[in-house]
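This report refers to the structure that appears directly beneath it.
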Amino acid sequence: MAAKQVIFGDDARAKIVNGVNILANAVKVTLGPKGRNVVLERSFGSPTVTKDGVSVAKEIELSDKLENMGAQLVKEVASKTNDNAGDGTTTATVLAQAIVREGFKYVAAGFNPTDLKRGIDKAVAEIVNEIKAIAKPTTTSKEIAQVGSISANSDADIGQIIADAMDKVGKEGVITVEDGSGLQNELDVVEGMQFDRGYLSPYFINNPERQIALLENPFVLLYDKKISNIRDLLPTLEQVAKAGRPLLIIAEDVEGEALATLVVNNIRGILKAVAVKAPGFGDRRKAMLEDIAILTGGTVIAEEVGLSLEKVTLENLGQAKRVEIGKENTTIIDGAGSENNIKVRIDQIKKQIEDATSDYDREKLQERVAKLAGGVAVIKVGAATETEMKEKKARVEDALHATRAAVEEGIVPGGGVALLRARSSIKELKGDNPDQDAGIKIVLRAIEEPLRQIVANAGDEPSVVVNKVLEGTGNYGYNASNGTYGDLVELGVLDPAKVTRSALQNAASVASLILTTDALVAELPKEEAAPAMPDAGGMGGMGF
């Protein structure tokens, strides 16, 4: 085991504060509408230009192992806030730096770090409750657009396109972000439920222009095994043919004689039927078939529920207004399932999302919710160069997370004002002893810091602006994009309550740990061995 260096007390604190400051100073220049860019080196290709706090934080690794510990702890603040709320990473970093800075002043003056931590925790809990109390729900598309714009560094186009996407697919719908091919941002919306399986034979195509099979008002047969024998299918086909409607068959596979018969019937116009493979694999396939059954008001034909293909009646089949089947995708539009059953299914999947342990499972479950809820929107980000595309795409993703957070827990006035207004809830707060009171004072000062940094980045005097904002009440604050004061909610300067709350909680959590640290242990730097002397051989011809 390599030898370690151990340092204590003031020396340890000085090192950790240096690390915190290096990382926080690099991140905080990006805060606010007039925040600056940070350029990140890449091992290959062009450098990345970003205004995203967590992207900057993730790149920082310091050569001094002791200072690096401080930097990594603050990096954790940004990452955790990003995971919880999807935005607010720079605010969280600024708050953590302020709590560490103010806290160490008290530690140096002889206050007990553990009691300081308890005071900080007490104050933060009160402020979080106050933020929840002043938050108001997002009701209009305009508010969603404003939240998105602020998060995307005051880019109104991005805010608007996200609001449009949410209008189209609903607040539960899936919105994905992809690289566009032009200079402008574009929005593509897929209505209904789409899954990534297409027709099993090109002979099913009945719309040559779009190269799709289009079924109007079809029945939907859902089967969890392979179909290869046409005899199994005949009872169903006869009933559907009598009803004079088309049929969509979704099964593990349709092959051989069964597929050939369907194709021949389709070409001859006897029965319009299209076969596709069921989406997913294993247990996920069963779950998705069940989703489609609930959406279309049908039943999955499976031995487990005592149903076989020969015994299928029209009551067992699902129905939809329209189905479009392409080479790679199938879209079911306006299924005949009951609203109540769909809602119950969505709630059930949401419960599974809460219990999911892996990001992959969570993502797949969220996709299923969106497909049941009614659609998927794709935002295609346009830009002139690849570097600009990456930067813009990161901002769109941030804005998307922020708008989701706003829908979840509501909105508060932005520009650091919500935290300032929440001060009133802890002004009279008392701890169990003077050291805890000092912890409360640390938070009182630290929550001014986001506004101070926004103002500093905009080139104004922080103390003057903070005092002027404190003279006002309610939503009165400073709009850094044009240097004016007014009602920030009316001006459209909004933050999601969840982002503000998460930023403070995560900052206080890590900063408190740093304050109560009194020793650092790290590997000693390896001493570089002196380079070997070059070989002196082959020096003949010297005349000795």
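From the backbone N, Cα and C atoms, a Cβ is placed for every residue, glycine too.
Between the candidates Asp167, Asp334, Asp495, Swiss-Prot assigns the ATP site shared with Thr30, Leu31, Gly32, Pro33, Lys51, Asp87, Gly88, Thr89, Thr90, Thr91, Gly415 to Asp495. Reduced to three states, the DSSP call for Gly32 (ATP binding site) is coil.
Listed in sequence order, Val27, Lys28, Thr30, Leu31, Gly35, Gly53, Ala78 are the same-chain residues at least 6 apart in sequence whose CB falls under 8 Å from the CB of Thr90 (ATP binding site).
Residues Thr30, Leu31, Gly32, Pro33, Lys51, Asp87, Gly88, Thr89, Thr90, Thr91, Gly415, Asp495 are listed as the ATP binders, and the farthest two of them sit 17 Å apart at their Cα atoms. Annotation for Lys51 (ATP binding site): same-chain Cβ neighbours under 8 Å, separated by at least 6 residues, are Thr30, Gly35, Arg36, Asn37, Val38, Asn153, Glu391, Arg395. A simple Cβ count within 10 Å picks out one of the binding-site residues Gly32, Gly88 as the most packed, and that one is Gly88.
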